[in-house]
Amino acid sequence: MTALRQRKVSKGKEPPIGAEFQSQQSNCCTDHHPEKILHGDWSWGAIIWTSVGWSMSVGLGLLCCIYMATLHENDLWFSNIKEVEREISFRTECGLYYSYYKQMLQAPSIQDGLSDLIHDNLTESKRTINLLQRMNIYQEVFLSVLYRLLPIQSYLEPVYFYIYTVFSLQAVYVIALYLTAWLLSGSWLAGTLTGVWYILNRVDTTRVEFTISLRENWSMPFLALQVTAITCYLRPQLTDLQQKVMVWLMYVTTFCFCLTWQFNQFILLVQALIIYTLDCVDFLTTTQVTTLYLVQVSSLLSVWLLQFCNSMILGSLVLSFIVAALFIRHCQSGLKTGSLLVRLGKLLLHSIMVLLLTVTINYLAKKALQLRSDEHIFKFIKSKFALGPTRDFDASLYLCEEAFGLLPFDTLERLGGTLLLYPYILTLLLLSGMVAVAALQNLSRPKGSAEERKGAAEGRVLAIRPDVAYNLLHTLFYGLLAFSTMRMKYIWTGHMCAVAAYGVCGKELWTLLLNNLSCNSKVLLRLVRYAVPLVVIGCLYYKFWPKLMEELSELREFHDPDTVELMTWISTKTPRRAVFAGSMQLLAGIKLCTGRVLTNHPHYEDKDLRERTKQVYQVYARQSPEKVYDILRAIGAEYVVLENSICYERRHRRGCRLRDLLDLANGHIMDGPGENDPDLVPASHPRFCEEIKTDAAAYTALFSRTFQNKTFHVYRVKKKRKKSTKSLSEPSATQ
């Protein structure tokens, strides 16, 4: 539909496992961690080296920000296209989220704007909903208030203030990854390599330049900052004050992450499983585990309050899991005693009890709250892993999208082409082996005082720092999530850059390799750790700098005249309170460009809305004109927009086209050659979106064509039917 053409123109606390290892290492190395000055090292070397490291982090962050903004400008010629074209470029749900920023700016006052969001009757016809409760749009509210208060209206348009903020968050993202790699390795060269890899792998690390308003583009920088804060918190040499500062940083970053993305509970569930695993194998102290859990809980509850007690948060799996894990842990005081086999048996039993209690708590919570909003997620998971029926319409919508399929192999090819994949895999293998050995040592060690365990630690083969163990499990768990669902790769690939850079620049891995080669020395270790990343950066510069310059020189222009024509017609030829029905993606654009009332929209986190969307989509199924008319009238639709790209879709394979999903859900045989399940039957009516264009009497009696071009057909739903039939009731159409 869119064509792009070439533009011509603690002290006192129980020391965690690995603390003694790090204290020994810190005396024999000259690394300068970003927090080293805080520990009293005010030497000129430390000050200069740390200043250079921080400067490089800011420089790489700004470079990434400018790079993304330039690509966005070059791809759309954003500064020269019309306002309606700019708004159309916010595709699908991006347009819906941006419309609330625009709505807040157009409101007479901030108070009126907030009131309109809390009592919104434009987003879903015949309903008044609280958008601040339903959607994660506090970032749009915050930006609109900030734009109103700052004296920048005269020289910076609202749309630029919005997109520049999102691109600036990419700079924050790169700086956070940089700091994580620096903390792990002790060398800011690792951070530099991380930033370079992130930029070169832009296709797989971010999609911000063409999906600016997506919630993940707001939240991922805060998640990266949270991982940095956790990495710093798990460093055993921190003082009590520094630990408290890190706890507050973890809370603030977790809170911002949760507030800006509706999928926060599922991401935090994976993180809670990581913490649980580290706790089971004694990489974290009881205090650290409890603190990390409570940070998650307090952040989610803070968001719950801000979102007007959103029941999805209280009914989330992560809250149920944390409550279960803490309760079972408290009840099993002798869990970490006994021989290796005894402890493994106890851990197995412990995990089963936590799992059962989690399921029980979650079931009871959802029953008490009457929560059904997240059913589609679990339907999708069941269908994806063949654990349930595959004809469910909501689950099939996800399964048929490439973004929710398995990670394609060409992703690994691209990552290998930038020299990222190979050091990452090597680092992963070596660290996994070291962590496995250290975990077995921890499970086999005697339980006693800190001095006894410290004495036992001296006889170990190796010890792993808890911050390294956390980051290893982080990349492993989110890597598995990325392989199972391609859209989740953006959580994995950014952190992947930091882990690979740690492998290239970290002293532990090089020490292990050089020891095995029997050529380890301090001089050689330092030489290798500094020379290898410089060589890699040099190779990347030689290979990719010309390609980057060529990419930045490609100039294109946004060109979608059919959609522009449709939006212009709606804005000028229909009443301001007219109600439009159609596809979720198109209606989001109609809401942004024209401000008209919608029947449905792309924010799919509500059961009643999902049912309504399925009903609206019957315009692409084989249904009688009377039934479609009754559906549209029941939800208050006055106009319905039909899209040729959906009615005659060829983008998806047979069985995944929208019309096929509707046929399957309705029990009808699908179009085209191919097999059909034996229980499917031929439909008794032709496909509505095709037959209505014939202007048959049965259709003209109920619908009148008011607009058409090559892509869209708009029909007005007549107020009265000539032939009365019993109206179809829609339970969700009223409050």
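Placed from the backbone N, Cα and C atoms, the Cβ positions cover glycine too.
For the ranges 1-24, 601-624, the feature annotated in TrEMBL as region 'Disordered' maps to 1-24. Checking TrEMBL for transmembrane segment across the ranges 62-80, 347-365 points to 347-365. The transmembrane segment (421-440) shares the most Cβ pairs under 8 Å with 468-486, out of the stretches 248-276, 304-327, 468-486. A Cβ distance under 8 Å defines the sequence-distant neighbours of the transmembrane segment (181-200), meaning residues of its chain 6+ beyond its ends; these are 29, 31-35, 49, 52-53, 56-57, 60-61, 63-64, 67, 173-174, 228, 231-232, 235, 418, 420, 467-468, 471, 494, 497-502, 504-507, 529-530, 533-534, 536-537, 540, 544. Sequence-distant contacts of the transmembrane segment (304-327) (same chain, at least 6 residues past either end, Cβ-Cβ under 8 Å): 118, 130, 132-134, 136, 138, 259, 262, 265-266, 268-269, 272-273, 276, 290, 293, 296-297, 354-355, 357-359, 361-362, 365-366, 369-371, 373-374, 605.
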